[in-house]
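Visitor: Take this structure first; my questions come after.
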Amino acid sequence: MSESEVGKDTTPEPSPANGTGPGPEWGLCPGPPTVGTDTSGASGLGTPRRRTQHNKHKTVAVASAQRSPRALFCLTLTNPIRRSCISIVEWKPFDILILLTIFANCVALGVYIPFPEDDSNTANHNLEQVEYVFLVIFTVETVLKIVAYGLVLHPSAYIRNGWNLLDFIIVVVGLFSVLLEQGPGRPGDAPHTGGKPGGFDVKALRAFRVLRPLRLVSGVPSLHIVVNSIMKALVPLLHIALLVLFVIIIYAIIGLELFLGRMHKTCYFLGSDMEAEEDPSPCASSGSGRSCTLNHTECRGRWPGPNGGITNFDNFFFAMLTVFQCITMEGWTDVLYWMQDAMGYELPWVYFVSLVIFGSFFVLNLVLGVLSGEFSKEREKAKARGDFQKLREKQQMEEDLRGYLDWITQAEELDLHDPSVDGNLASLAEEGRAGHRPQLSELTNRRRGRLRWFSHSTRSTHSTSSHASLPASDTGSMTDTPGDEDEEEGTMASCTRCLNKIMKTRICRHFRRANRGLRARCRRAVKSNACYWAVLLLVFLNTLTIASEHHGQPLWLTQTQEYANKVLLCLFTVEMLLKLYGLGPSVYVASFFNRFDCFVVCGGILETTLVEVGAMQPLGISVLRCVRLLRIFKVTRHWASLSNLVASLLNSMKSIASLLLLLFLFIIIFSLLGMQLFGGKFNFDQTHTKRSTFDTFPQALLTVFQILTGEDWNVVMYDGIMAYGGPFFPGMLVCVYFIILFICGNYILLNVFLAIAVDNLASGDAGTAKDKGREKSSEGNPPKENKVLVPGGENEDAKGARSEGAAPGMEEEEEEEEEEEEEEEEEEENGAGHVELLQEVVPKEKVVPIPEGSAFFCLSQTNPLRKACHTLIHHHIFTSLILVFIILSSVSLAAEDPIRAHSFRNHILGYFDYAFTSIFTVEILLKMTVFGAFLHRGSFCRSWFNLLDLLVVSVSLISFGIHSSAISVVKILRVLRVLRPLRAINRAKGLKHVVQCVFVAIRTIGNIMIVTTLLQFMFACIGVQLFKGKFYSCTDEAKHTLKESKGSFLIYPDGDVSRPLVRERLWVNSDFNFDNVLSAMMALFTVSTFEGWPALLYKAIDANAEDEGPIYNYHVEISVFFIVYIIIIAFFMMNIFVGFVIITFRAQGEQEYQNCELDKNQRQCVEYALKAQPLRRYIPKNPHQYRVWATVNSRAFEYLMFLLILLNTVALAMQHYEQTAPFNYAMDILNMVFTGLFTIEMVLKIIAFKPKHYFADAWNTFDALIVVGSVVDIAVTEVNNGGHLGESSEDTSRISITFFRLFRVMRLVKLLSKGEGIRTLLWTFIKSFQALPYVALLIAMIFFIYAVIGMQMFGLVALQDGTQINRNNNFQTFPQAVLLLFRCATGEAWQEIMLASLPGNRCDPESDFGPGEEFTCGSSFAIVYFISFFMLCAFLIINLFVAVIMDNFDYLTRDWSILGPHHLDEFKRIWSEYDPGAKGRIKHLDVVALLRRIQPPLGFGKLCPHRVACKRLVAMNVPLNSDGTVTFNATLFALVRTSLKIKTEGNLDQANQELRMVIKKIWKRIKQKLLDEVIPPPDEEEVTVGKFYATFLIQDYFRKFRRRKEKGLLGREAPTSTSSALQAGLRSLQDLGPEIRQALTYVTEEEEEEEEAVGQEAEEEEAENNPEPYKDSIDSQPQSRWNSRISVSLPVKEKLPDSLSTGPSDDDGLAPNSRQPSVIQAGSQPHRRSSGVFMFTIPEEGSIQLKGTQGQDNQNEEQELPDWTPDLDRAGRDSFEPSPFTTSLVQQHVNGHMSTPTFAAPHACRSEPSFTIQCLQRLGSCEDLPIPGTYHRGRTSGPSRAQGSWAAPPQKGRLLYAPLLLVEESTVGEGYLGKLGGPLRTFTCLQVPGAHPNPSHRKRGSADSLVEAVLISEGLGLFAQDPRFVALAKQEIADACHLTLDEMDSAASDLLAQRTISLYSDEESILSRFDEEDLGDEMACVHAL
């Protein structure tokens, strides 16, 4: 068979599905078939083509399996119509066609131009006709899909898919609208009006068409991640939306109460309805509001209100809209100022400022937190999916490759006898036989062996190192058409021979050598240091030439710039060509920077050519010219940290591309919808042309983009409302469009930008570190200059990256630089280390020693004066006093009057200033006396903070000295006094920490600043090219040039011809312009803050030419410049900036947690556990009081109150402006009713709880306050109205009632205490506030300093209405200045305030300016002042809020199965039910019930079977007190510790010791007592609840065994003899052995799944026996399962034996609150074994007895037993001994959450036990055998402890069993409670003696020996050593097997007599011989421990 035949057979006939041989997965040939058969080919996946076909078949098969068998009830899958529909719908071109149709439809919708009054034109009419075509196409698509997939019933039906449903609705609505249009037209209508055909407005239905672009989302996969993460985030966002809604509702109702009807008074001319002002604003006829100052004007009502009556608080809905507008921080100051005009300055600012802080800064930043959390989670998922996919593909390729090779070798083996086979193949087959599998690359190289040059070139591109790197498709092409290749090879070979001949000539050789030398020299030159700096210099010159352009520049400068540009272009071209030649094209192109360079140079050449030819508009040219500026980024190449940043920015760009696409779709949809709704409607105001309209598609896009950025979106909304008839019912609905657009666009999509930025930066940090390492390794290998070939793929990349680099010397320098940088970065990372050190140092300042060296050259170190000063300045009173004086001096600065410089107040403050300065001077002199001035280490001036102090004081002193001379100098010095508050930083540690944080942040943000500034500079240069000198205009819009704008002109305000005004024509420039680079950067900075950019945009659109006026909409396409700038700078770079700040703060915060071994979450949880106090729950004793208490605490009562609050809210929200008197009366009556009901609630609660307990709860105090306030409110209203209801009005009232009105609203806040989710949110809010005090202090300081500077610099500017410095907004008083700064911080038109503060403004008439200085107020300093303040606030300070919020609210998106501090409140609440008195202790019996009531991850959850809960408790190690109780903190701490795995590995004592150290290190002030309580010290032998619960397992197990046996679950044949019964019992004991060990070594999770399965069966079984299971222990919590698994180092048993199945036993019905006694006996001397196991022994002295109650087995009633705690007189020798307890009690102890302790072997110790617990004894046994247990205290630990599981007591040495017992030592490992390896079963041979050899033990029966032997065989030798434990186990076996003890003994004797016993295993039986000596050895071994 020839090679070509092999090739042909690669695609054999498809074999049947159940074909023989390996399937397509293997790609192997099935054995040696006969020659010529088809089977010799590869199977289904033999070739890639074949594989894709196979995959396609497979997916089709899967899809068809999912399809509904019938569509539309009649079409089956075999129906030809349906089959053809399916094939059409799944045909790829069909999808493409539909997408193209959607796109075309969008274009058609965009081209449509809406006209006013529903007018139309021919183009629109034609577009309407085209719409029918689209509708037909979409209808056909829908019908086809419905036929193919079915309509709705089947899961894969058409409508079940969300996108399809959307399509379906759009199509149905479209058809519906067409039907309506066919209705009878009205007579006289134009034939094609766009409006209301058929008498019905179809426009609303047409609006649905605009949703069609959404279908593009389903067609673009990269959009899915973004859309998915947004969808996923919607669930937590819903929580936040509810919270925002709640805030809005509360503020709206408060607004109704305070501001109802306030906006309707303004100034009118007396006797007419004409408004007195051009721009009217509210006024107050009385009180402290604005009064009408003009003559003949009065303040009266009936004014609609500002914004045409939209902005007001007249009813609930208007109030909500106004509040929402304020939360968005757009136009909120206008509303505030109107309210101040209407009411005065007292109340409104509190309302609005608090609204902005809560609503905007806090609640809305939560959106960001949630989105960024969800986004990073979604991206991780996508990444994981991608990685998995890659891995699968790689494995698939490798398998395919193996298949090919096997197939080739096997085919050749078959065909070796064929003479046509090439020698290559023969050798190949030999290699195949020899076991060497050739790689694919080798095969191809052999095939191409003759083509030397060809293989030569492939070597450089294909890596020969690994076959996996070659894609499978290559291999396919090589094996597909070998015949053709042979022909090609022939022709190629002849060409090669010719080429070789030519190359061997001498000339060619010389030429090649010269060429090689020249290239090497070029390469060295290009990489040299000199070249690098030369290029940088050229870049700098290039930048300088472009930046020097400005408006009105002289001619010579223009010419110089042109020449310079051409010269520089030539130089850059030369550089590019040199690199191309020296490095070779492939290497040159490999570097991104080189490609970029090439693009810039080619752009430059193109631009120059076009200019010379004159073929292009200058506009485009100037833009191209600016592309050169991108060269600036060349600087970044050798600046490692900067290039890393640029790389991560480019990465972010990739992920942002899909978001931009989504954003674009979103904008298009809303623009089209806006055109449908508002097209041609914004023409209601004839006098003023609106710019932000929806009249054309481009204009609509701009308007939507403007709303998206949030700038003046409210103004557009007002226009929209006015277009629909103003603030009345239908018109107000329009606001829904704008609100949805704003929320989805601004809050969700734009926050996703920030989320992506934060996410990329966070993940980028890790990436850059890796890159650094890689760069270093690649740069370590210098390139070999004489080789052109690059050996491997990776090196090629490295070389590409370095191809621009320097010579070797340069590389070394670079490495050094990088190392330095890394060190710097490490320092930065350890910044918090420095911070911590500083924090440590600050307290020590009190005792800083006097430094060596003399002060002032005369005072030595021992000088008494110096010592006295030292004592004085370190005295705490002195420090506090200085702090007080700093605060007082700051207050005096704020109190100065900036206008009247010589006022009495200023004189007084001047004297204070003298005093303060003197005090500070004395302080500095004292400090200098102590520390010396500056010459030696530790001297005063060596500290930065001290230098700051010195500066502040010396400035004050100098300003006193030069009163008279230069005024400006004094002013500057006076301004510098503001730095005084900064001295407080040195005194307050927390503040110092925050300040250092800010500095670290500023340092790390440096790089981002540089990149942003470079980009900003670039855009500014482009702006200068485009707009220089084009922003001039004449005040008369009719004139367009400077020459024309002379004289004056008339204007008619509001179009009123009767009132003409004369104005002068002026030629003015725009405030923000692009005349030079600095102005351009300033203008662009304001654009990037989103303030006032639409005005600038429309100026740019209208810009015509230099020195010419604007032309309306001249260049609409120019808007692209602004949009690109906003997206790159404002959306992207600013968000990266913010993200950087957030990440830096987060990193700073986490650095604290780096040095203490606990992460942040662990630390917070542990802190909570240590600081938490139990809640007091008062339960009254008095029966009547108890009834009231029960009522008040009932669910029904709670729901009733909830309903009342809601009804009250509705009643409050019903108020409105101009309500009728009866309505008023009804409202007052309702208010009284509600107040009465709430008063009754308060009285009832006070009766139930007594005042002391009632007021202990904060919510109750709040309630009481509200009730009292409401009562006062009613009383005051009555007094004011003289007893008449319904007549209250603020103006007539004698007492101000607005304050008391608030109490009505505050009832709403009570709702917050009701919802669980909201409660958690609130709790986290309060936590955030706790994290914020120092941040808030820093913000307050910045505000203070800026406010005082503002007062000094801009306080003299006159207040003029109509300007930005006016009565509401000025610097004349300190509070006003702070409010103005707060306004700037929210970004509300800050740039206009800046312009109003520049020089040339009118001065305040009261200030003392000289003649002619009237217009000299203001200062150029305003630019620096406002920009620095805005940057500090908007970027740093506000982001501190964001950082804190994102930190604290990460739980909203975190995995809920991870324990966090927000879970721990539940523990307190449920604990209080068990410990109502808040004593902090509960019985250990209640612990299991308690933990089963708490949901995971903290508790076990009610689904956790009781037995598993007990096992978990065994592992938790909760310390048990001597009275049988556990403490609150210890239990909570143990839960946290176990759940978060804090120090749970290794030796318990060692782990405890380490944890104690960690806790002491972090919480230095923790009380020793508390620490000992939660982590017992090693010298105390603590008994834990876990150890106490251990023996519960034995009793529970045997009882279950007996019950199953009775029910016949363990097999039908009953044992015939006592011997076999005994064997069964012993076997069961052996089965239990591993379980006891597991329980004690924390292997509680392994069997859970099996337990659950059997547990259900057991629970059903139990339900029959027990009518009321879990009566009280299950709370109505939502069901959840404990999901997190704990990895355990123990091997798992393959299958649990039947008898081991768990589940709650019969007696689980016991209520959890029942209290059982513990019996305690005091002994004398505590003792402890070095093995660390607790010893349980019984003292032989007589004991006092305590009787328990007796009852029946399986008893279900709750038994109340007396709580008792014996007095332990440790000094005396008294002791207690209980009588045996009842059987039922024992069972209750077992199932009612208590069990027996673990046991240890007796020890040769003379001491007596300290106290003993004797319990759990069975009733009805032959002898009273209590389970003994001794608790020991107070002995130090033994000398050495072995490592083991933390839950297990450590032990000394390893337990080595006797040889016969243990087959291999390694199989059991460390034995009792140690590390277990190997199988858990050990099959051993034992020989049991009749009596124990040790004479000290009592004589025991054969049964005892057998039980001991079984225990020992199971590794429980220490238990076997305790005769009492053996007796208990024997008793349990006897009971379970229905034997008496005598029968058991005799059966055991029979077994021993036979000298055989089978091993107690279910699977097999081994004969064992028992020997006395062997057992003696075993016991001796146990003793040796």
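For all residues, glycine too, the Cβ spot is worked out from N, Cα and C.
Given the structure is predicted, the values throughout are model-derived calculations rather than measurements.
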Visitor: Quick one: which of N295, N1529 has N-linked glycosylation site in Swiss-Prot?
Guide: N295
Visitor: To which of the residue ranges 1096-1115, 1296-1315, 1496-1515, 1916-1935 does Swiss-Prot assign the term transmembrane segment?
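Guide: It is 1296-1315 that Swiss-Prot annotates as transmembrane segment.
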Visitor: May I ask you to find which of E1037, E1044, E1064, E1091 Swiss-Prot records for the Ca(2+) site already listed with E330, E711?
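Guide: For Ca(2+), Swiss-Prot names E330, E711; of E1037, E1044, E1064, E1091, the listed one is E1091.
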Visitor: Using C-alpha atoms only, work out the spacing between E330 (Ca(2+) binding site) and N295 (N-linked glycosylation site) and round it to an integer in Å.
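Guide: Each residue's Cα considered, E330 (Ca(2+) binding site) and N295 (N-linked glycosylation site) end up 34 Å apart.
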Visitor: Could you measure between E711 (Ca(2+) binding site) and N295 (N-linked glycosylation site) for me? Cα positions, answer in whole angstrom.
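Guide: Roughly 38 Å, rounded to the nearest whole number.
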Visitor: Measuring Cα to Cα, how many angstrom lie between E1091 (Ca(2+) binding site) and N295 (N-linked glycosylation site)?
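Guide: A Cα-Cα distance of 37 Å.
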Visitor: Over all shown protein chains, what is the count of other CB atoms within 10 A of the CB belonging to N295 (N-linked glycosylation site)?
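Guide: N295 (N-linked glycosylation site): 8 neighbouring Cβ atoms within 10 Å.
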Visitor: With helix taken as DSSP H, G or I, strand as E or B and everything else coil, how many residues of the topological domain 'Cytoplasmic' (1250-1256) land in each class?
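Guide: Tallied per class, the topological domain 'Cytoplasmic' (1250-1256) gives 5 helix, 0 strand, 2 coil.
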Visitor: When the topological domain 'Extracellular' (1028-1117) is classified with DSSP, how many of its residues are helical, how many are strand and how many are coil?
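Guide: Tallying H, G and I as helix, E and B as strand, the rest coil: 27 helix, 14 strand, 49 coil.
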Visitor: With every protein chain in view, how many other Cβ atoms are within 10 Å of the Cβ of E711 (Ca(2+) binding site)?
Guide: 24
Visitor: Look at every Cβ pair spanning the transmembrane segment (1118-1138) and the transmembrane segment (1422-1446), keep those 6 or more apart in sequence, and say whether at least 3 of them are under 8 Å.
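Guide: They are in contact.
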Visitor: Counting Cβ pairs under 8 Å to the transmembrane segment (1008-1027), which of 202-220, 530-549, 1196-1214, 1257-1278, 1422-1446 comes out on top?
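Guide: Comparing 202-220, 530-549, 1196-1214, 1257-1278, 1422-1446 against the transmembrane segment (1008-1027), the winner is 530-549.
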Visitor: Mind giving me a neighbour count for E330 (Ca(2+) binding site)? Other Cβ atoms within 10 Å of its Cβ, every protein chain shown.
Guide: 24
Visitor: How many other Cβ atoms are found within 10 Å of the Cβ atom of E1091 (Ca(2+) binding site), counting all protein chains shown?
Guide: 22
Visitor: Can you give the mean pLDDT for the region 'Dihydropyridine binding' (1402-1468), rounded to a whole number?
Guide: 82
Visitor: Would you list the other residues of this chain near Ca(2+) - those whose C-beta lies within 8 angstroms of the C-beta centroid of E330, E711, E1091 - in sequence order?
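Guide: Filtered neighbour residues, in order: T709, G710, D712, W713, F1090, G1092, W1093, G1387, E1388, A1389.
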Visitor: Write out how many residues of the topological domain 'Cytoplasmic' (150-161) are helix, how many strand and how many coil, based on DSSP.
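Guide: Split by secondary structure, the topological domain 'Cytoplasmic' (150-161) comes out as 3 helix, 0 strand, 9 coil.
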Visitor: Helix, strand, coil: count each for the residues of the topological domain 'Extracellular' (260-347), based on DSSP.
Guide: 31 helix, 10 strand, 47 coil
Visitor: Could you tell me what the rest of the chain brings near the topological domain 'Extracellular' (896-911), counting residues at least six beyond its ends with Cβ under 8 Å?
Guide: 1351-1352, 1355-1356, 1371-1372, 1404, 1406-1408
